[in-house]
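**Student:** The structure under discussion is supplied below as structure tokens; questions concerning it will follow.
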């Protein structure tokens, strides 16, 4: 009986080499941004360890305790204004992130993305580890931790514009919403892994809650340096050039052998050699990437839809990051869970975010209505903003957030008004996410100010932000509905 090819081998060979390279780049960039978010999460888990209810903690017999209420807290977070101090730390990171993001896209358009990403991940790993080393060095200075947060926020801005530009360079618009919806689950996966890793150490040695994630993101930076190919064009050009070099070498060998066989054909062979090689050299020199001038900041703002989606993301990200930074502390304070249990429970919000991001991408691909999809999900999320519905709330809040920061940014960065200028993608992504990051900074700050008046007021603030996010998409939703009704051109993004 004649043996047949194994099913697994048939499956593998059914994909083209180009498809495998696309999948590899998608996996790499997924891994990179998972590491970015993984390294951001520990601060929210460690908060409940820096300030605890010391009356429930067993006191060591060999410790000279002068204040029974705060003996187990980590100074300077042992004061009554600890929530304000936590807000300061959050905003040191988030304000620096928002500020740096507007410049990050400009650098990303002009620097090799492989070097830019590698540098950013290595430096993010360094500053994340330095925060954790404060535990072992017994540092109790708010200035130290604030400075680390500022520097880490600036370094983290290298990630998002670069990875979106890479994915946008490798994938077309056809299934962009679905592909990027699946790919964008790295945000939630990173948050979940960050929570679990930080939670594993928080009760025993909270410094390791930062050091381990810091080492992970630094390791992915090294991986990026050795394996990332930032665009399909660069890969195709390099492969084609290598093929031409091999062809050139083969022709030279063939001509050399012909010369040895017959002296009479020496002139003809030399003519062929000169002609062929001349043609090859001419063709290879033409394989130079077209240098298009990078788009300006104002030019990117003038792209239709950029301003509306940026302002929408500001309020959507305000909601998401308030949950990201304050949810574990809220669960710990209100539901009286331990720090590790509160961190584990907070991951339900991110699990819902994975499903929400994929569903938003699928629906927007099918309908062609990016703005309408975001608006419907945000409206549905408003009454769901509560801890009792974390899964559903996570999906409805993070779905639009994921869609805007991925597929919408990629659509606008390759908008038809740019006339093929592909160097706008990183700048557009940075503007949209930078504006959203202003909301990410405001959310935790407002939560810190409002929470002393009652946690219900924090949730009212989040509901209001959801409604405002919808209002900024009204014009784009109206245009999309017109397109569906045949009253105007169908619009995507």
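For all residues, glycine too, the Cβ spot is worked out from N, Cα and C.
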**Student:** Which stretch, out of 46-68, 115-137, is listed as transmembrane segment by TrEMBL?
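**Tutor:** Going through 46-68, 115-137 one by one, TrEMBL gives transmembrane segment for 115-137.
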**Student:** Among 347-364, 401-418, 419-436, where does TrEMBL put the label transmembrane segment?
**Tutor:** 347-364
**Student:** TrEMBL lists transmembrane segment for one of the ranges 20-38, 248-266; which is that range?
**Tutor:** 20-38
**Student:** Please work out which recorded stretch in 20-38, 84-103, 208-229, 458-478 has the most C-beta pairs separated by under 8 angstroms from the transmembrane segment (115-137)?
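**Tutor:** Looking only at 20-38, 84-103, 208-229, 458-478, the most contacts with the transmembrane segment (115-137) come from 208-229.
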**Student:** Excluding the flanking five residues on each side, which residues at least 6 beyond the ends of the transmembrane segment (143-171) place their CB within less than 8 Å of a CB in that stretch?
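**Tutor:** Non-local partners: 21-22, 25-26, 29, 32-33, 36, 39-40, 43, 88-90, 92-97, 99-101, 103-105, 108, 113, 116-117, 119-121, 123-124, 127-128, 130-131, 134, 179-180, 183, 228, 230-233, 405-406, 409-410, 413-414, 422, 425-427, 429-430, 433.
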**Student:** Return yes if the transmembrane segment (208-229) and the transmembrane segment (306-327) have at least 3 CB pairs under 8 Å (sequence gap of 6 or more), otherwise no.
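**Tutor:** By the criterion, they do not touch.
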**Student:** For the transmembrane segment (347-364), which partner among 20-38, 183-202, 306-327 gives the most CB pairs under 8 Å?
**Tutor:** 183-202
